[in-house]
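> Here you go, one structure.
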Amino acid sequence: CPYLLAGMRGLRSLIVGLLSAFFSTAFVEQLPTITAQTSGSFIALPFDENFLFKCEAKGNPRPTYRWTKDGMDFDPHKDPRVIKEESSGTFMIPNTKGKVKYQGKYRCYASNKLGTAISEESEFIVPVVPKFPKEKTEPVVVTEGDSVVLECDPPQGTPPWQMYWMTNGNLRHIEQNERVSMGLNGNLYFSNTLVTDSHDDYCCFASFSRIRTIVQKPPMALRVKPIQKRKPNILVPSSHSTTYLKKGEELELECIAEGLPTPVVEWIKMLDSLPKRTQIKNYGKLLTIPNLTDQDEGKYMCKAKNDLGEAVHHFHVIVEEPPSWQEEPVKSQLAEIGSDIHIKCSAKGKPQPTITWKRNGQPLDGVLNPFHSHSYHAHLTEFVEQKDTAVYQCEASNKHGTLLVNTNVLVMSEYFTYLRREDPEGSLDGERYSLLKNGSLQIHKVEMEDMGQYKCLANNSEGTMSLTTELFIKDSTRIVKPPQDMKVKRGSIAELECQVECDPTLRRELEILWMKDGMNILSNFSEGYDGILQIVNVSHSDQGNYTCVVRTSLDQDTASAFITVLDVPDPPVQLKLTDLKDRSVRLQWVAASDHNSPITEFIIQYEENHWEPEKWKEILRVAGSQFSAPLTLYGHINYQFRVIAVNAIGRSRPSMPSERYKTPPCAPDRNPENIKIEGHLPHQMDISWEPLLPVEHNGPSLEYKLSYRLLGVEDSWKEQMVKRHSFVVRDTPTFVPYEVKIQAFNRHGWAPEPRVVTGYSGEDLPLAAPEDVSVEVLNCTMLRVSWSPVPQSTLRGHLGGYTVHWWQTQSLLTSKRIPSERQSLTISGNRSHTMVPGLKPFSEYSLTVNVFNRRGNGPSSSPISFTTPQGVPEQPPILRATNFQKDSITLVWAPPHETNGFLTGYLLQYQTGNETLGELKSVNISAPDTTQWVLRDLQEDNWYKFYLSACTQVGCGSAISEEGGTVSEACKCLSEALNTSKGFHLVEGLSPGTVYTVRLQASHRVDVPSIFEEVFKTRKVKEKEETPADPEAYAMGEESPCEYSDNDEKPLKSSHQLFTDIKADDSSEDSSVMSEDDDCEFNEDGSFIGEYSGYKRRVNIETILQGEREVCL
């Protein structure tokens, strides 16, 4: 049954071929056609499962299959280890022991009585683990500067393979550069040798990635003896080279030269310029051109140069290509008996492909006339007969590949056909339907409505037959989210996405393939595959064009994206020194690959082998577009240079060093800087300076001439030659100015005339104390002190400042002297007054002042005494309201700790404080010893706020506050003995909305002050509030949300810890601010028992007496 994809791009028509030479409507003869096959090669790796050789064909009668191995018959059914598929020619070789016997080249033949179709050839390879031969090599002994080749001779193995060299002792890679490099053949080439190349453990390693194997050659020894210069000579290649490559492959030309100094290699294309795709690698020794084209063919030359001469080598590059069809044979051809058959088959390639014709898999040379074949054309010259029906193969081949096409030729009698739709409503009328000469029906611009059954009627001289076929139309397979071009850093992860949609009936056979630069890299047949290609640890070889191919048995779609791999640049090459002068040189270089990120700058570094050998320092940076730079140099330095390229990804490895260049010696260019003149001790002067860098010496025997003299006193200089960068001048006057200069000198002359700096000799302690010290008392805690500056002649150093010292001698409240710590205040600079804060009121003080310099403090001035006036007292530490009566409240307090003068009494103020504050009233208490006061004539059942401050003659200090309230009637005291160890007690039966006073005291000890006293007001019960539950219910043991168990040591809020001051609760007056559903705040009758306001007294634990306790309400 034919299939068609609806909406497939590029589709214009459908041809349904219906042939008339059939026996009946139920059996249509058809030549064999290969529909699925295995091509290429298999490498049998240990971790693989089975190896599938696919061969499927269609035809009628059903084709039979046979296989050949290396040209000989191979029957999978006779081998019990081979897994067969009965419905096709496909078989699998299991990955077990003994699979070596299956190694070979396989081809499948599908045959029926009409002919034979053949598959492409596929190869099964069972790799053998490669091994280096065990051999003992003698040490290679050469003279320093000679070239040498350490041969690797890797064993043959499954490609791809990679070679590298290491030292076996510490497993370090051999660093490759312009002088040392590994050839494409794996050998290690030294263009010239150095003594440091001597090692006894050079090892060649061969890595075979496809079989995951690394093998090592036995260690080799290289010993290098002294030096000899010579001109270049080409080591590789050794003779004229002609290279044949396929179009699209990568060209690699290697040119390794020897010589001393190390030759520099450059590349030229004769009569043309190098393509822009050209890359120079391996320090100029390897030229590569990816994706070869016909234009890359020609002659190339490498040139190796050093100071002694040059050597050249020529390469002849020939670009060839595998066969491709110029005119591909048709896949099937229908002919009438007695007619002629022409099959055209022409191919192009380089070399020109050879055309071979076969019939049913057998060469045409074995077929009798009348069939004749030519290189591109086959012609049946006489009338064809029924027996000429067969499958004809045209094979075009050259050394780069083979093309094969099977052409089914069916010979039959002349026939007449008629087609119609089986659907009663269907019609084949209209412009979209055409009947072709061969009896096929062509449908233009296919639509979904064209799906259905079609019937073909055919007749000729031999009879009449009909055939019914069904046309199915499928949705096209298409990529809905194609991969996108991307740039990734080397070593990172790249992901390419390829999301696909296809007809649901074809999803199980959907195949997703990934190709890189036209080569298969990944295939997946899993239904769950998400279409993402992930490349881990991206390398340069991963750069290229990636194509996602999605296909079913009916169609396919493709989408491509290009991955650009970004990396740090390769190190610059071909460093060269030009314009050589005594103190300058020009460095030139050639930029290597920037790895797809433009070079932004070059860093030039230098190394010298006298002062700091093998330590590289930066000398200059230039723009990435600049490939040479002038360098200013110091004298008497043996330089070599290297260059580092920088792009957005990072820095390249350093280039190979340039040749060395030694500048001649000369006088120093500059004198020392940062001269410091200090006096750590009296009568001496310490002089130090920043020395010249070693590379700034410009010659041998650097010294410094130190010159000094008294400023304005001496005309001549005292001079001293020193090699260090410090000097001590002794026996100097104390703190006098000197002029100093320092000049650099070496064996070749003096630096320029130095500049003169001024400094002082060593300091000593000041001789005099400040005079005219006076104080001005500003208030009870602050004064202003002033003095006359100390004369410069007695300072004997740089003025640091002044220090003021003061201390309290006694309090004027008592006659006793007070031992007090000295306090001090330092004033920097040349000031003559300051403010002294933090004094105590009503006290006597003493004060001194001294000057100081860098050496230390001078003598103190004579002490002067002064007194501070009285101040206001501190706030009283405690104020308590107690004994709440109907019209009076008693206030108790403690005197302030610091009165700051003679206490004259207290100021007591109070005001009502229910919802708004009332008028503030005052009471002057003139007795300073008073500590309690009864306020009378207060309003009944009212709340008050009290404020108390202590006073002296100066005034009153800050006030302490307290609150309390009067009661509505005389206190009705109820007592209850508490024989319990708990810290709380529940009081029941209180009236809502009533003020209560609670007093807790020790029983039988009425002379002991109350431990606890508090006033609070219970909450009023709202009318709509539901009747609370029976309070006895909780007493019977039911769980209460407010109740503690007998084992709980948790006090009620009315029984606080005795060491904690609790702030008054402002909500105690108005219980309505509490939460309506806060059950824990109320008793069963709605009375408020948990919250109260006021101050909880702090009482020492020793005042808590054991025994009964009484609660007064």
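If you go along the chain as it appears here, the first residue is 1 and each next one adds 1.
Note that Cβ sites are derived from N, Cα and C of the backbone, with glycine treated the same way.
Remember, predicted model here, so these are calculated numbers, not experimental data.
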> Looking at 63-82, 143-162, 423-442, 1063-1082, which one is region 'Disordered' according to TrEMBL?
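Based on what TrEMBL states, region 'Disordered' spans 1063-1082.
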> In the domain 'Fibronectin type-III' (873-970), how many residues does DSSP put in helix, strand and coil?
0 helix, 47 strand, 51 coil
> If you count Cβ pairs under 8 Å, which stretch among 127-215, 571-666, 769-871 touches the domain 'Ig-like' (232-313) the most?
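So the stretch in question is 127-215.
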> Limited to the domain 'Ig-like' (232-313), I'd like the whole-number average of pLDDT.
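That stretch averages a pLDDT of 90.
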> Looking only at the domain 'Fibronectin type-III' (571-666), what are its DSSP counts of helix, strand and coil residues?
0 helix, 48 strand, 48 coil
